[in-house]
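Here is the structure we will look at.
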Amino acid sequence: MTDTPADDPKPSYRSDVTVELVKHTASDADVLFAARVSTLGEQSLDELKKDPERSKGLINYLMRDRHGSPFEHNSMTFLISAPIFVFREFMRHRVGWSYNEESGRYRELQPVFYVPDESRKLVQEGRPGKYVFVEGTQAQQELVGRVMEDSYRQAYEAYQEMLAAGVAREVARAVLPVGLYSSMYATCNARSLMHFLGLRTQHELAKVPSFPQREIEMVGEKMEAEWARLMPLTYAAFNANGRVAP
Ligand SMILES: Cc1cc2nc3c(=O)[nH]c(=O)nc-3n(C[C@H](O)[C@H](O)[C@H](O)COP(=O)(O)OP(=O)(O)OC[C@H]3O[C@@H](n4cnc5c(N)ncnc54)[C@H](O)[C@@H]3O)c2cc1C
């Protein structure tokens, strides 16, 4: 089947990412339940609320001593909208994650592209593994905006030209850049999310610092905020123990 391109869609440009928590069954009680079942069996649910301090202490102990499996009995599904280059990094996280991304074979891709805003540091200084990012000049910022938009426009016109000539979407999409926005569902549990956050965010409490690309970190920060609300004790224990996944 050939494609019918939309009526001359105009490219639009974004500098943000969005993260929506669409579904969850995740609470600190899930961790306690899983941990206590080994010693208390079926009574463990009744025990949960009896002694909050003990519950907090148990979660902290599990985190500190890296007893990881009790942190797996929960689930969070996020709908994420971000440039394709973010998803390329994201999908390297294989364990405890499920992904479904919109298809460039089955639907015409919309012309929404990433252009960094002025808060995005543009210039890398220092050697690999030991570098920092600093603000760009006004001229560099203008250059990045102009060159990216020109390049995106040209690429999308080429895509449209091929679709109009009857070329399949899966072939024509080869000209589209990694700055194109995509969307995906990503489902994880607290343990896999902690591993992700340890690698994909920078944080003053991190025992093992990481240096992620800013755009995936923006996604990570939004997921972290949702998770912190759902599992406050687990989140506090993660921070208190150097943000190392158990
Ligand atoms: C700052 C930064 C820079 C990076 N730069 C690059 C780069 O230049 N090039 C590049 O290719 N990647 C790069 N990566 C990706 C990185 O190498 C990992 O693929 C990614 O962070 C996912 O980590 P993971 O494998 O621990 O996660 P997961 O795939 O979720 O795995 C979780 C854990 O399960 C275990 N595990 C999973 N699979 C295996 C296996 N096959 N064998 C043994 N144990 C396993 C490991 O303990 C692993 O930590 C970078 C990542 C970061 C954070």
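Heads up, the Cβ atoms here are built off N, Cα and C, so glycines get one too.
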Which of Arg64, Arg173, Arg229 belongs with Glu89, Phe90, Met91, Arg92, Glu101, Glu102, Ser103, Gly104, Arg105, Arg200 in the dUMP site listed by TrEMBL: Arg173
Same FAD site per TrEMBL - residue from Ser55, Ser69, Ser119 joining Arg92, His93, Arg94, Glu101, Asn189, Ala190, Arg191, His195: Ser69
Spatial separation of Arg200 (active site, involved in ionization of N3 of dUMP, leading to its activation) from Arg105 (dUMP binding site) - C-alpha basis, Å: 29
Binding-site residues near ligand 1 among Ser69, His93, Glu101, Arg105, Ala190 (Cβ under 6 Å): His93
When distances run from the Cα of Arg200 (active site, involved in ionization of N3 of dUMP, leading to its activation) to each of the binding-site residues Ser69, Glu89, Glu101, Ala190, the nearest one: Glu89
Assigned conformation of Glu101 (FAD binding site) - DSSP reduced to three states: strand
